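Asks: So TrEMBL lists these for the protein:
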- 16-148: domain 'EamA' (DOMAIN)
- 163-298: domain 'EamA' (DOMAIN)
- 73-97: transmembrane segment (TRANSMEM)
- 103-124: transmembrane segment (TRANSMEM)
- 136-157: transmembrane segment (TRANSMEM)
- 163-181: transmembrane segment (TRANSMEM)
- 193-212: transmembrane segment (TRANSMEM)
- 224-245: transmembrane segment (TRANSMEM)
- 257-276: transmembrane segment (TRANSMEM)
- 282-300: transmembrane segment (TRANSMEM)
Amino acid sequence: MAGTDGAGHHDGRRAAVAMALVAVALWSSNAVVARFLGDAISPWMMSWLRWLIPFIVFLPLVRKPFRSARRKLLANARLLVMLSGLGFVAHTVFFYVGLTDTTAINASALLSLTPIWIMLILLARGAPVTPVQWAGIVLSIAGSLVIITEGSLAALLQLHFQWGDLAIIASGITWAGYTLLLPRLHGYIPPVLLMMVLMGVASIMQLPIVAIDLWYRGAPALDALQWSIVGYAGIICSFVGFALYNKAVKQLGSDRAGVFLNLMPLMTALESVLFLSEDFMGYHLAGMLVILCGLTLAVGRFRLRRPLAPPAQPAG
């Protein structure tokens, strides 16, 4: 019996590792999907559909939990609007806008700086930072500058950056704000219900800008393949990736599961080379390594609990 229990435990851990890897691979593909669609759909419309589609598809799953948690949701209404605005609107819009002017590889590498933005926000609020952590923060930002300037000192001295890279950094900063606000929720709200509520609120919040986009550009003229890719971004990248990662967290713990998120820049790079024929340059590798070293020093063993969504996602 003991041997059987041990084998079952190991099988469960292997399954959890597989789920974490698949979740990270799905999230990594989000940037690839956006770059593949290109100008066929506007960033505003893509951001809106990314949350609207899974909200409509999976709404029947949360009808009963919604009724039982209605009072808790109303008590947190103001905070839920703020969370949705930061993590599901601003974060996603900045992400898709940035991808119109930068590569998927750049986007993923720059989004990996999110823990640094969290630390800097905490620092501004009076949290103590050790000299080693300061060194990690400086290293991580230096690594991002290597990627933004394509390893060119002249571009750095002239402050010549692509605005798309800056939009991706803004996307990471808004996600940092979302992450720090999340623990302020009062009472337990089931993760799936919480994500569905945030998706619904985000869909409503984006209606004005989507209406302007439709008036200015008209409805997106997508073919069947492009519509299926939009659906993939909403249902598979966002909702399925989230569900798999949550199951992995339950089995492995948030600390161990969080380690797999560090694979996102590498996975995005591999997917970008395979599906978009993007060039993986030496400055990409150098910048990623410097960022990774900086994160190791700055964050150390500390891992944020991420039961709700990925750091670049759910936008990225």
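Placed from the backbone N, Cα and C atoms, the Cβ positions cover glycine too.
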Asks: For the transmembrane segment (257-276), which stretch among 73-97, 103-124, 136-157, 163-181, 282-300 has the most Cβ pairs under 8 A?
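Replies: Ranked by Cβ pairs under 8 Å, first place goes to 103-124.
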Asks: Quick one: find which recorded stretch in 73-97, 103-124, 193-212, 224-245, 282-300 has the most Cβ pairs under 8 Å with the transmembrane segment (136-157).
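Replies: It is 282-300 that shares the most Cβ pairs under 8 Å with the transmembrane segment (136-157).
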Asks: Determine how many residues of the domain 'EamA' (16-148) DSSP places in helix, in strand and in coil.
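Replies: Residue counts for the domain 'EamA' (16-148) by secondary structure: 116 helix, 0 strand, 17 coil.
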Asks: Sequence-remote contacts (6 or more beyond its ends) of the transmembrane segment (103-124), Cβ cut-off under 8 Å?
Replies: 28, 31-32, 34-35, 95, 133, 136-137, 140-141, 143-144, 147-148, 162, 164-165, 168-169, 171-173, 175-177, 179-180, 262, 264-265, 267-269, 271-272, 276, 278, 280, 284, 287-288, 291-292, 294-295, 298-299, 304, 311-312, 316
